[in-house]
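Notes to accompany the following structure.
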Amino acid sequence: VISVFSIFSFLVLFLVTYLVIFHILFVLFVWTYWKSVFTLPIPPGKKVRDQTLFIPCKTKAEMLKRTQNSSRIRFCDRCQLIKPDRCHHCSVCAMCVLKMDHHCPWVNNCIGFSNYKFFLLFLAYSLLYCLYIAATVFKYFIKYWTGELTNGRSKFHILFLLFVSIMFFVSLMFLFGYHCWLVSRNRSTLEAFSAPVFQNGPDKNGFNLGFVKNLQQVFGEEKKLWLLPIKLSSFRVTCRFSSVFLCLFPCSQGDGHFFPMRSLNEARNPLLTNEEQWEEDGIDEEPQSKEMSCPDLPWPVDEL
């Protein structure tokens with residue numbers, strides 16, 4: 001009797017453990033997918049749009065001729081604004097997206113600064129979910145193959161489930177691995193194909209801060225929240241930003257418009273080529289930080 005009770009208790013514990021793990025992965029899979037689909041991409045903020053008003057109309061025609069390959073000002077002729085660093089125009093969403101990675105048809109959303117963390121977690125939990133399904137179904141597939149189970153109707157269900165889970169697992173493994181490689185080097189998919197252009201020329205590693213800081217750029221500073229599809233911690237910008245200008249600041253994530261460079265000695269502005277001291281526009285935005293300062297207006301308006 002004791003032996004039978006022990007076996008029964010073990011089976012119950014095994015089934016409960018199986019169901020708990022299954023539902024945890026399922027909830028995380030659905031949660032991350034929901035966040036990837038319904039977290040809207042972020043366009044450039046009001047500050048960037050306001051700066052565009054300072055540009056004379058006659059100058060816009062010249063800016064339209066300047067491409068990223070010339071390391072000049074990056075101006076979007078469709079949105080009529082200056083594109084911040086790592087910002088690109090999505091033809092599907094018909095808008096400029098901050099730190100755009102790509103437009104994903106599987107989630108029907110543009111993946112960028114606001115939802116890249118959710119997209120990565122969605123790939124990770126999808127991968128684990130498919131692996132878990134394949135691993136738990138495989139033993140029944142073996143039993144059907146060896147003839148231990150003879151129920152023909154469920155046989156095709158098991159075969160189909162195993163085939164689909166393995167197929168998606170292999171596909172997601174390559175995609176997730178590629179994005180992990182991008183995150184480790186602080187690149188986007190677009191930057192991997194076309195390197196961002198700085199004053200000294202193209203450099204794919206221009207935003208590479210080191211492995212840990214690169215992870216913090218995507219997942220945030222609080223490591224305990226890295227595996228949960230929760231919004232990044234508040235973006236703490238310690239210097240005044242009233243123009244489209246890349247500057248260094250201790251915040252690890254940036255704010256979607258500005259991103260830290262590797263070091264102060266290697267700081268290069270990918271948006272502009274002039275090296276003159278830029279004048280202040282006289283608009284007070286946020287209080288000046290004691291730790292560092294940033295220029296306000298990236299060019300004298302009357303010199304454009």
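Glycine too: its Cβ is placed from the backbone N, Cα and C atoms.
What TrEMBL records for this protein:
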type	residues	note
TRANSMEM	6-34	transmembrane segment
DOMAIN	72-193	domain 'Palmitoyltransferase DHHC'
TRANSMEM	118-138	transmembrane segment
TRANSMEM	158-178	transmembrane segment
REGION	275-304	region 'Disordered'
COMPBIAS	276-286	compositional bias 'Acidic residues'
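Only residues 6 or more beyond the boundaries of the transmembrane segment (158-178), in the same chain, are considered here, and those with a CB under 8 A from a CB of the stretch are 120, 123-124, 126-127, 130-131, 133-134, 137-138, 140-141, 144. Using DSSP to sort the residues of the domain 'Palmitoyltransferase DHHC' (72-193) gives these counts of helix, strand and coil: 69 helix, 16 strand, 37 coil. Looking at the domain 'Palmitoyltransferase DHHC' (72-193) alone, the prediction's average pLDDT is 91.
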